[in-house]
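One structure below.
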Amino acid sequence: MLSPRSVNVKSFRFIVFVTLVIFCVMLGLKLMVNLPEPGIYSVSDDSKAVSSQSRQLRAQIGRLRLLLAKNGVTNPYENLESLPTIYAITPTHTRPLQKAELTRISQTFLLVPNFHWIIVEDSETKTPLVTNLLAQSGLTYTHLNAETPKEWKLLLDDPQWKKPRGVKQRNAALQWLRNNADPRKPAVVFFADDDNTYSLELFEEMRTTKKVSVWPVGLVGSVRFERPILDEHGKVANWSTGWRPERPFAIDMAGFAINLKLLLDNPQAEFSFDAPRGYQESTILAAVVTKDDLEPKASQCTKVYVWHTRTENPKLNDLKGKVPGMIVDWTVEV
């Protein structure tokens with residue numbers, strides 16, 4: 001038999017949950033009042049700035065989604081019918097910075113409506129670290145794993161360009177989409193690496209992609225930014241890039257989004273271990289579009305909304321056990 005104290009505690013928790021859900025619903029309705037009617041959603045290249053009020057509302061929504069996830073309460077702020085879904089594909093692998101970088105980008109994704117995160121681990125099995133992070137993220141997600149063949153794995157001291165990265169993981173995500181995504185619902189696919197930084201404006205830019213949209217990427221290719229060069233008609237004519245501009249699509253992985261329908265209609269479109277260095281983007285894009293099909297975003301490719309920030313790998317002496325007096329506690333997740 002439950003004590004009066006236990007009953008009171010349970011009642012209090014129930015009241016808190018109900019209050020939280022009601023507040024979240026009201027806030028979601030307030031946000032939806034300012035959304036366009038279904039079927040007429042469009043974003044011009046000259047009106048991309050997210051207002052201060054909108055940012056504050058998104059921040060509140062994000063915090064509420066996180067609280068709801070931590071308390072096991074279904075999130076009512078999901079699937080606005082007027083917005084295409086954004087599927088963000090993120091390959092990830094175990095390393096000291098993994099949790100920090102996944103935490104950083106997940107809390108940006110939390111502010112994006114109609115967002116589905118497909119995270120694919122480069123591992124034989126799904127790890128507890130990623131499993132727990134996703135469960136507490138407040139996001140709609142799909143968790144997969146696909147291990148890179150041994151001969152294609154980078155060694156610890158190898159430069160990142162030596163071998164292609166994320167090939168098997170991105171292909172596993174594409175296969176999941178082909179098996180599970182609803183072709184009747186509008187959606188966009190974006191390859192969101194876990195070592196990048198994303199502005200909220202980027203997701204509003206890509207959401208209206210008809211075939212393939214493109215934009216600049218900052219801090220990549222040993223230059224301040226890379227971008228498509230447009231002709232007098234606003235079409236992509238060439239590429240401003242720090243490396244090999246002769247590539248068919250001389251663009252970074254973070255510099256484009258693809259309409260889901262194109263990927264579903266072209267099952268052969270995938271990444272390849274055999275692609276030359278720097279040609280992964282060209283491999284997938286050439287399978288679905290030509291350069292003439294590209295849709296410039298970000299104010300005619302003049303604004304930067306995504307950056308290759310690539311956090312510096314830390315030098316961890318405690319991993320070697322050589323720090324005098326240091327107690328190494330492997331039960332603490334970092």
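Placed from the backbone N, Cα and C atoms, the Cβ positions cover glycine too.
Keep in mind that what you see is a predicted model, and the values were worked out from it rather than measured.
Features of the protein shown, as given by TrEMBL:
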- Glu281: active site, proton donor/acceptor (ACT_SITE)
- Asp195: Mn(2+) binding site (BINDING)
- Glu226: site 'Interaction with galactose moiety of substrate glycoprotein' (SITE)
- 12-33: transmembrane segment (TRANSMEM)
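Feature annotations (TrEMBL) mapped to structure.
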residue: Asp195; record: Mn(2+) binding site; contacts (Cβ under 8 Å, 6+ apart): Glu101, His308, Thr309, Arg310, Thr311
residue: Glu226; record: site 'Interaction with galactose moiety of substrate glycoprotein'; contacts (Cβ under 8 Å, 6+ apart): Pro216, Val217, Val220, Trp239, Ser240, Thr241, Gly242, Ala250, Ile251, Asp252, Gly255
residue: Glu281; record: active site, proton donor/acceptor; contacts (Cβ under 8 Å, 6+ apart): Arg247, Phe249, Ile251, Asp252, Met253, Gly255, Phe256
